[in-house]
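Peer 1: Quick one: the structure is below, and I'll ask about it shortly.
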Amino acid sequence: MRKGDLTPDRDRVTEEHELQETRFNPEAERSKNVRQYQREDEEDEEEEEEEGEESVEGIFESREVPSWEKQLTVRAFVVSLALSILFSFIVMKLNLTTGIIPSLNVSAGLLGFFFVKTWTQMLHKSGLLKQPFTRQENTVIQTCVVASSGIAFSGGFGTYLFAMSERIANHSGDAARGVKDPSLGWIIAFLFVVSFLGLFSVVPLRKIMIIDFKLTYPSGTATAHLINSFHTPQGAKLAKKQVRVLGKFFSLSFFWGCFQWFFTAGENCGFHSFPTFGLRAYQYKFYFDFSATYVGVGMICPYIINISLLLGGILSWGLMWPLIETRKGDWFPSNVDSSSMNGLQAYKVFIAVAMILGDGVYNFCKVLSRTLSGLFKQIRGEASWRTTLSREQEPPASPLTPKISYDDQRRTRFFLKDQIPSWFAGGGYVLIAAVSIGILPQMFDQLRWYYILVIYVFAPILAFCNAYGAGLTDWSLASTYGKLAIFTIGAWAGSDHGGVLAGLAACGVMMNIVSTASDLTQDFKTGYLTLSSPRAMFVSQVIGTAIGCLVSPCVFWLFYKAFDDLGLPNSKYPAPFATVYRSMAKLGVEGVSSLPRDCLVLCYAFFGFAILINVVKDGMGNRWGRFVPLPMAMAIPFFLGPYFAIDMCVGSLILFVWERLDAPKAEAFATAVASGLICGDGIWTLPSSVLAIAGVQPPMCMKFLSSETNHRVDKFLQGSS
């Protein structure tokens, strides 16, 4: 969908991408190229185009569609559990490092297909196969895995939840305003209380969203196309090749992470401290990190995101922070530590916050206006059609009336076959809301029951807006709604009544509702296009959410216990957005009086700068606007540094060269290569965390020193000997 379009186009997927502290959805952009590779062995291009227009449901017409109960198999949830653990480690690591989380939908669908297909082939050869593997079961696996790993994002382990801890509060300089340290028990209980409400809020609207309004949901559509292609003979052949490539790079990434571990026996040791561009550049975080994860993420993310990250790093760490450092003793005290929120750190955090808020406000207004405008046109068009129908007693037959295809007829029939009663959805929402209103104030004394009641009254409206907007633009504004809750509830509670903790807890309540609502409607779209039952989708989402509520806290707890410096700026896992969210809560409660000199002026300037960039980007149209950097992406290195952006740009460069040398193969296998790099490095965090908890230290330290420092070290060692 191009910028400016207000009505959904079912035959196109969006060219826009969201950057939250979030998930990207590039498979919507690349799925058509994968399908092109699948047809490369055909005789000529005209036959390829004709095959592309063939009815999808016509291909699957001879295959029986299983009932919704048979779509929910034990083997599907066994595979989902294994993949959920894997992806939870990946998402958690990204949460606690950069906050940039790519979409793993394709990897989930691909690995789910491979594991169950291998399983069923073995049973088939042994004569024990009772139920063949279907695309509906594949969709159930993908839904369950994405729902589970999504809790690792919306659970706030790198944002609002960790921001409550004493460690982040001390670093932010406001521990006196209330802390709540992580504990496995209350985190699991909190997630179970708040994570299911969003599922019930949009269930009654599924027909309106998918069939009546025909919303695109580009990521859900792209995932459905891939799953459909996997279950054709040619698609299954390509899927096996993709899994082999993924497995190869998974192994390389895993053993590379293991190899690096041997050289990290001390602080600032190892390949991640390699001063690639010199020691002076290293001091300002300009170096190549040798991280397979960041290289893989760079291959998945669109080029403009990686370029935006690098530009933000150059602007902040290359220009602004060295200049502001020269004002030490004038703008801020000269005797404060570099990580103190009374010094340079305050400029890094609050200017980044200003850009994030500016970008969020602009996109919130844009998506909301587009949502309302599109909704108005849909309703007006429906009313006009009904008026005409009442006059003519039959739908108007004209060239402008869209003909319903065979695919749409069949999909609609199966989508409406297994209804989820509205009373079930409404009753579930009221029941969970009542339980939540009773339990949450017991967990957070600062979060009054009437704060929660107000959130739950408005939550269905906001969940609908987020789900509808995601259907039009593929943008989920979950974190934006969460920030809105931080400021409103925090200001309502006030500084003297625990406004910081109340705002952060309210952020968690809001984020989980609107995030799961948009995720479920995406899954309904995927289910619609694969003839998967809405009941099966809902049950799979519920089970996946429950798995996430158990697995994600356990994974976070492993990180929390294994790494004592988790959340600190110069650590391996700095959790940058935890400090950002804590600062937002502090700002919402006490205002701007605590900021250093001229910090507020710079915040206003960059808030306006973010809005201006978005205005220019939208005003230039898609042809030229796609070259304009994204403010949200530029803001992330302001706090964290540009090192990971360099890694991601290396990933982009690899993909760019590959596409120039062999575009079809690059576009068919790039996601598999990137997923392998991310998965291998991500799963290495499990054994490395276990080794850290067990007290096993790496045997060597690889550190780089200047010649002067090295001379002093040699002189000291010679003297001591």
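Note that Cβ sites are derived from N, Cα and C of the backbone, with glycine treated the same way.
So TrEMBL lists these for the protein:
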- 1-32: compositional bias 'Basic and acidic residues' (COMPBIAS)
- 40-56: compositional bias 'Acidic residues' (COMPBIAS)
- 1-60: region 'Disordered' (REGION)
- 72-94: transmembrane segment (TRANSMEM)
- 100-119: transmembrane segment (TRANSMEM)
- 183-205: transmembrane segment (TRANSMEM)
- 245-263: transmembrane segment (TRANSMEM)
- 303-324: transmembrane segment (TRANSMEM)
- 420-440: transmembrane segment (TRANSMEM)
- 449-469: transmembrane segment (TRANSMEM)
- 475-493: transmembrane segment (TRANSMEM)
- 500-518: transmembrane segment (TRANSMEM)
- 538-560: transmembrane segment (TRANSMEM)
- 599-616: transmembrane segment (TRANSMEM)
- 636-658: transmembrane segment (TRANSMEM)
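Can you tell me where each of these features sits in this structure?
Peer 2: Within its own chain, the transmembrane segment (72-94) is flanked in space by residues 100-102, 104, 107-108, 111-112, 115-116, 119, 131, 137, 140-141, 144-145, 148-149, 151-153, 157-158, 293, 297, 536, 539-540, 543-544, 547-548, 551-552, 555-556, 559, 573, 678-679, 681-683, 685-686, which lie at least six positions past its ends and keep a Cβ under 8 Å from the stretch.
Long-range contacts of the transmembrane segment (183-205) within its own chain (CB-CB distance under 8 A, at least 6 residues past either end) are made by residues 151, 154-155, 161, 420, 422, 424-426, 428-429, 432-433, 435-436, 439-440, 443, 456, 459-460, 463-464, 467, 508-509, 512-517, 520-521, 538, 541-542, 545-546, 548-550, 552-554, 556-557.
Beyond the ends of the transmembrane segment (475-493), by six or more residues, the same chain brings 16, 18, 20-23, 154, 159-160, 357, 360, 363-364, 367, 446-448, 451, 455, 462, 466, 469, 499-500, 502-504, 506-511, 514-515, 518-519, 581, 584-585, 588-589 to within a C-beta distance below 8 angstroms of the stretch.
Using a Cβ-Cβ cut-off under 8 Å and counting only residues 6 or more beyond its ends in the same chain, the transmembrane segment (599-616) has close neighbours at 331, 346-347, 350-351, 353-359, 361-363, 366, 592, 625, 628-632, 635.
Listed as Cβ neighbours of the transmembrane segment (636-658) (distance under 8 Å, sequence separation of 6 or more from its ends, same chain) are residues 21, 97-100, 276, 284-291, 294-301, 303, 306-307, 309-310, 312-314, 316-318, 348-349, 351-352, 355, 574, 576, 579-580, 665-666, 670, 674.
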Peer 1: I need to check the long-range neighbours of the transmembrane segment (500-518): which residues 6 or more away from its ends have a CB within less than 8 Å of a CB in the stretch?
Peer 2: 147, 150, 153-156, 159-161, 163-164, 174, 177-180, 190-191, 194-199, 201-202, 436, 440, 443-444, 446-448, 451-452, 455, 459, 462-464, 466-467, 470, 476-479, 481-493, 541, 545, 581-582, 584-586, 588-589
